[in-house]
């Protein structure tokens with residue numbers, strides 16, 4: 001059976017949420033971020049402003065640029081609403097970020113109903129959040145991802161098969177292929193490889209020898225629409241966690257606690273959403289030196305008490321010796337159980 005894979009991507013997610021909160025910002029160039037741009041509105045992108053750019057550089061490109069602070073609590077709340085909506089359709093979902101994910105629809109819809117499903121899906125997202133998303137449907141994750149980028153924003157595109165996929169992308173610049181970033185694109189340009197069709201000139205062994213096994217195989221397979229990656233949904237939950245890498249490292253304890261609070265809220269929401277309990281907690285911290293440390297604690301009983309878990313994790317994070325600025329922070333609940341063993345024991349003895 002041919003797979004039906006969908007990729008959705010919320011349009012300028014953070015910026016669009018801020019416009020929803022303040023409609024006067026509509027059609028104005030704005031970015032969300034403090035020192036670094038995390039999201040730019042489509043009006044700001046007309047000035048070549050993009051994510052990961054310094055806010056100071058963005059202001060040089062657009063002196064009238066509106067800069068708003070990041071409100072992760074609100075963004076995560078809305079992201080959770082979207083996740084809950086999708087999980088009512090199927091559990092075969094891989095959420096790759098707060099604003100995008102892959103959905104395996106193979107067992108959900110008939111092939112002839114792809115377009116109708118996409119239109120209904122986009123409508124449901126709009127009704128729920130007043131936000132728009134771009135959607136792609138393909139025969140694997142690669143084709144779905146590329147399809148979702150074709151008619152952004154608020155568009156959709158469907159690849160029915162490999163032949164259609166190859167025909168569509170052959171004349172596109174090679175950077176359309178996932179994994180071809182700015183640096184690799186420059187390397188390929190120096191080798192006179194500008195377009196997807198240029199890759200077809202070379203056999204697999206040449207590409208592997210020239211660019212390494214991972215890059216070479218990715219180029220060879222991707223231009224042909226070959227991708228065997230599965231949508232990585234969790235069949236059995238053993239742990240629930242989230243981590244974040246910071247473009248600007250966290251410099252002091254107040255910044256660390258601020259980000260910890262945000263990660264804890266998001267991770268705890270996932271614990272509740274999955275209707276499970278935890279009996280161990282873990283904090284992961286990576287410094288700018290790339291030294292990585294984890295600290296864990298086994299709890300005396302399984303629980304999903306928010307206050308209890310927060311206090312235990314707060315103690316744990318404060319036990320770290322701050323060697324350097326923090327580049328990555330992670331929060332995890334482990335030893336997941338479907339029931340509260342302490343409560344079951346109490347009920348049994350009543």
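A Cβ is built for glycine as well, from the same backbone N, Cα and C atoms used for every other residue.
Small disclaimer: the values here were computed from a predicted structure and weren't measured.
Annotated features in Swiss-Prot:
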- 5-181: domain 'UmuC' (DOMAIN)
- 9, 99: Mg(2+) binding site (BINDING)
- 14: site 'Substrate discrimination' (SITE)
- 100: active site (ACT_SITE)
Requested in this report: Identify which of the recorded positions 9, 99, 100 has its Cβ surrounded by the largest number of other Cβ atoms within 10 Å, counting every protein chain shown.
Outcome: 99
Query raised in the report: In angstrom units, rounded to an integer, how far apart are the Cα atoms of residue 100 (active site) and residue 9 (Mg(2+) binding site)?
Result: 4
Requested in this report: Could you check what DSSP calls residue 9 (Mg(2+) binding site) once collapsed to helix, strand or coil?
Outcome: strand
Query raised in the report: Sorted by position, what residues of the same chain at least six away from residue 14 (site 'Substrate discrimination') have a C-beta under 8 A from it?
Result: 32, 38, 39, 70, 75
